[in-house]
Amino acid sequence: MDDARISRSGSSPRLWLAGGWLLLALLAAVLAPLIAPQDPLAQDLMLERLPPFWLDGAEPGYWLGTDSLGRDLLSRLIFGGRIAFIVAFAAASAACVVGSALGLIAGYFGGWADRIISRIVDIWMAFPPVLFAILLVAVLGTGLSSVIIAIAVIDWTRFCRVIRAEAMGQARMDYVESARIAGYGRIGIMLREVLPNVLPSIVALLSLEMGIAVIVEAILSFVNLSISTDDPTWGGIIAEGRLSIHQAWWVLVFPLITLILTVLSFSQFGEALKARFDPVLR
Amino acid sequence: MLLQRFLVRLLTMLVTLFGVAVVVFVVIRVAPGDPIAMMLPPGASDDDIARLRALYGLDKTIVQQFFIWLGGVLRGDFGTSISLRQDVLGLVFDRLPATLELATVALLMAVAIGGTAAILGARERGTAFEAGIDIASGTALSIPDFLWGLVLILLFGVLVPVFDISGRVSPQLDLPFVTQFYLVESLLRLRFDLTWDLLKHMLMPAVALALPLAAIIAQLLKQSLKEVLDLDYVVLARVKGFSETQVILREALKNAALPTLTLVGVQFTFLIGGTVIVERLFSYEGLGNMAIDAVINRDLPLIQGIVLVFALLFVLINLAVDMMYALLNPRLRHG
Amino acid sequence: MSAACLDIRSLSAVLPNGQRVLRSVSLSVQPGEVRALVGESGAGKTMIGKAVLGVLPTSVRVVDGDMLLEGEDLGALQPKARRNLIGARTALIPQDPLTALNPSRRIGPQMTDRLVRILGWSGERADSRIRQLLDEVQIRDPERVLKSYPHELSGGMRQRVLIAAAFAAEPRLIVADEPTTALDVTVQKQILRLIAQLQRDHGTAILFVTHDLGVVAKISQKVSVLYAGKVVEEADTAELFAAPRHPYTRALIAATPRYTDPYASLKPVDETVLAGLAAEIAAADQSWRPGHG
């Protein structure tokens, strides 16, 4: 009991810090056309590789400097956030719905359904996920929807494995038995009794998965397979930064910091939410 | 009992591999875009295209193609790479050793770092030192290998350039190797100058791969060590006069390692999956790097071959872990 | 006057929340003597044994008192020296033989490791010593037992192994922590007889922790009665049963079932006795200040 209380009181600043960063990044992405100081696509060879504002040679209005084509880094990061968040929400939700549904079915019904779903999960687990994602996007053709579909197709197993195990545990509980005696149908019990109890895990996984989706999108952009090459993406900026690392380190450092903060925030946010909603810890 | 367990695992392993083969085959064949057209110079005649198509067996139905390919695979013939025009198996075997060496070094580092952190954390349980280990492992775990790779490139490639961040070995070196296991061979030939050069290239990508796994080992092993350290036989060992470190190493570690081992197996396959992007990041000439090129070039036979080899590695690791678990657990060993 | 084998002087220990678990406990065990430490569960009797052996749970903190092992002050020694001294001169017979053996190591090495690695004996000497002890605890097939893993032996066999291992290095003091509680009733008697036999043969002093007055009567010469971490009565065993002085001791003896009347219901300890005890402990706590005992 004491441990639970400690982790819960400790979870609050975590929740606020992580949530704060995510809200800030999300707002910036949504309001990108209003707040970005420059056009993210405007090239100006006169302004190439400007350093960030505190270094000699910086230009006002280009706060974080420019890349090798003279494009404003801050504006590109802000606009890149749009794609990152769209992918995060769409891909993670799709993976969540498919994976949780299959996990619930496998865990609650067991038998053949479980055997088939588990075998498919085994097969999926034998793929190197990054290679699988690259392969799918190459097959589907680059573009936002391809990236979202690829991530959902690969990562539903994360939800499926966890929810299956939890639903299995729940299915053995007394209250499920009594609901059955009371005459509820199997699917009714699954949705009414089992689903609410595995919801904290789903929420935590969903938040974690959003962070993973952001990373996968960045990786795909990094190997030049995400969306059209014109739109700024965090992975695309990183790929460019990796190339000009010795001339303009800031092109790599700022997107890297953005990515790390976003990924850490998603995972911390998920764990804090789980701790808050988990009835056992409360 | 052990044999029976082994055979059952072997069977499920084959089913999984077959599933992987089917999935990758189907995924690739539904791809829009014609790989043959990409091979030929612009202006090639339809006849040329048809001939090349027949050469690679692409004129048959997808089911026929699958079984032709599968039959070849079972005979050890994975087909010919379209972009590199070489035997797929030969290409894979050329690159696999580099990836295996990288993954093994990363695994050893993860076990060493994570194991040490777990043992020290368990010995100093309840102190600020343990809390520090918890924070460090939590952070290491939340950041994926791709980002660790970038951080390391910045820190040790640019800020303090002590390690190489590109390639497998310095290009100007004269290599006497006959196999692709450079690291192993350099040790066997006592060419430690080459070993050092290889390690300098390997260290950063290996650390990037190792950190998340090290964090998991640190967390899990510390937790199970702490549970074991309260048991009666550990108390008895303390009364016998053994120091806390001796108690952990002699009495607790083996029993605490068992639950960790299963998870490390799964995590090691994740680590190998991570080599794909980390090799790309560090321009390390391994299987993963070649896989990305194969995808970009739509080199179907090569992609199939590489994916299947990765899948084989994954299921073999899981099999090995399962057998190790059974061997280390005396209850299972003696039925 | 020769030093006592074990001398505990006003030992006090607290939990993190300040609650006292040991209240100025004093007791001594003379060489070759068996002192029983009897009390209900939670009275702190196991805690005393663990304090002597230096294996208290991390949450329990000794705040006051001295422990002397053959005249050497354990509190004054460096951790390593204390560990070596305890390892060389004491041994533990644990409560639950099922959990007191490492499941992944064979019995043989578990019995010899202290002899070889702490006391520096040769492997052969340790081996022949262990076989001798296995014979003394009436294990007839030492070869098989030494090669076994713990789960291949019965509870009674494991306890014999643990007893043999405890006596193997000829310790001066053995702490026996409820060594028969976890066993079947029929096995309990055999084990108790074995411990008594080996104790007589080897002349080892034993601090025998138990909640069972029947066991106390069979094995010990001296007895300390513990309640809420406080020694409420201390006497020769025969004397204690013949003429218990403290009301709590009388209540405990009354509560013990007898062979003559096995179906008599256990009598709960009288309310007034408990009230008297509470007052006694409150008075003791009043006068007690940490570090000035």
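Glycine too: its Cβ is placed from the backbone N, Cα and C atoms.
According to TrEMBL, the feature transmembrane segment maps to B:7-31 (among others).
Marked as domain 'ABC transmembrane type-1' by TrEMBL: B:96-325.
If you look at the transmembrane segment (B:102-122), the same-chain residues 6 or more away from its ends with a CB under 8 A from one of its CBs are 129-130, 133-134, 136-137, 183, 199, 202, 205-207, 209-211, 213-222, 225-226, 229, 245, 248-249, 252-253, 264, 268, 271-272, 275, 279, 284, 286. What TrEMBL lists as transmembrane segment is B:102-122 (among others).
Under the heading transmembrane segment, TrEMBL lists B:143-163 (among others). Within the chain carrying the transmembrane segment (B:143-163), a Cβ under 8 angstroms from the stretch's Cβ atoms is held by residues 200-201, 203-205, 207-209, 211-212, 271, 274, 277-278, 281-282, all 6 or more beyond its ends.
Per TrEMBL, transmembrane segment is recorded for B:202-221 (among others).
Counting residues 6+ beyond its ends, the transmembrane segment (B:256-282) has Cβ neighbours under 8 Å at 99, 102-103, 106-107, 110-111, 144-146, 149-150, 153, 165-167, 201, 204-205, 208-210, 212-213, 216-217, 220-221, 224-225, 227-228, 288-289, 291-292, 310, 313-314, 317-318, 320-322, 324-325, 328-329 in the same chain. Taken from TrEMBL, the feature transmembrane segment covers B:256-282 (among others).
Residues or ranges marked as transmembrane segment in TrEMBL: B:302-328 (among others). Note on the transmembrane segment (B:302-328): residues 2, 5-6, 9-10, 13, 16-17, 20-21, 24-25, 28, 69, 73, 78-79, 81-84, 88-89, 91-92, 96, 254, 257-258, 261-262, 264-266, 268-269, 272-273, 287, 290-291, 294-295 of its chain, located 6 or more positions outside it, place their CB under 8 angstroms from a CB of the stretch.
Using a Cβ-Cβ cut-off under 8 Å and counting only residues 6 or more beyond its ends in the same chain, the transmembrane segment (B:7-31) has close neighbours at 62, 65-66, 69-70, 73, 298, 300, 303-304, 307-308, 311-312, 315-316, 318-319, 322-323.
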